[in-house]
Amino acid sequence: MGYREPLSFCGECGTAWTQGASACGSCGKPRVRATQVVKTGMSSGAGLVSALALYFVLLGTLLASYLLDTADFFDVLDSILIVDTIVVLIWAFVHRADLVGPLRTLGELRYWGIAVAAVPVTVAIAYANLWAAVHVVGTTNVDVLQLCINAGYSLPFLLLTWSLQPAVIEELAFRGIVFERLSAVVEPRAAIIVAAIAFTTLHMAVLSAVFLMCLGLLAGWLRWKSGSMYPSIALHLLHNAVVVVLMWTGVW
């Protein structure tokens, strides 16, 4: 069984395609294939259910960690890292037809430039978000990354587990599987917003919600406009790497 191609909306401006049209009626962008059908072995409805199931499985692994309060904190943290990686890779294999295009496409250089240039902005938003939560709202911040640093985790290991792994795995999940399945049935901007909300809520980090939503929206926009997974992965990776280094050196 197939489903209508994810690009039911113009990849440039988001306008719905006119049936049989070879170009967008709003911006004039040519339509590469007017009647593409992607064979995935599941309908668009089943694909949405699968994407939703991925979200709840990932949420379940996080909730399970709170139930294991008698276990060693760092052992639980490492286990979540491994389990989530395996889960997303399994889903990525199932949805490989959805991901092959975005993974084969590098995207225009300008979107890579935007991703790199946005890193200082995202870091500033993250810092301002946390500062406001602590000093304005009056909440107490317990930073898991700082706990790992205090526990003696090496910088290379932290860059691997706090920068590379989240950038690849979370982007595959949210700007890959979730975005692709949503954009098959709603216009791209709505898909970006819903994927960003899912990304934000999965972290269960109320203090960082504003920043996480901003990062999710920007990553989704890069994914949409570039047609590639890599600019959003680069943004996520570089942002996390900068935060890790700033905290490791004591600047943050």
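Even glycines carry a Cβ here, placed using N, Cα and C.
Record features (TrEMBL):
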- 46-68: transmembrane segment (TRANSMEM)
- 80-99: transmembrane segment (TRANSMEM)
- 111-132: transmembrane segment (TRANSMEM)
- 144-169: transmembrane segment (TRANSMEM)
- 156-242: domain 'CAAX prenyl protease 2/Lysostaphin resistance protein A-like' (DOMAIN)
- 190-221: transmembrane segment (TRANSMEM)
- 233-251: transmembrane segment (TRANSMEM)
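Of the two recorded stretches, the transmembrane segment (80-99) does not lie close to the transmembrane segment (111-132), with fewer than three CB pairs under 8 Å once pairs fewer than 6 apart in sequence are set aside. Against the transmembrane segment (46-68), stretch 190-221 has more CB pairs under 8 A than any other of 111-132, 190-221, 233-251. Tertiary neighbourhood of the transmembrane segment (233-251): same-chain residues 112, 115-116, 118-119, 122-123, 126, 143, 145-146, 149, 155, 158-159, 162-164, 166-168, 170-171, 215, 218-219, 222, selected by CB-CB distance under 8 Å and a gap of 6+ residues from either end. Long-range contacts of the transmembrane segment (111-132) within the same chain, counting only residues at least 6 positions beyond its ends with a Cβ under 8 Å from a Cβ of the stretch, are 141, 207-211, 214-215, 218, 222, 225-226, 228, 230-232, 234-235, 238-239, 242-243, 246, 252. According to DSSP, the domain 'CAAX prenyl protease 2/Lysostaphin resistance protein A-like' (156-242) comprises 78 helix, 0 strand, 9 coil. Taken together, the residues in the domain 'CAAX prenyl protease 2/Lysostaphin resistance protein A-like' (156-242) have a mean pLDDT of 95 on the 0 to 100 scale.
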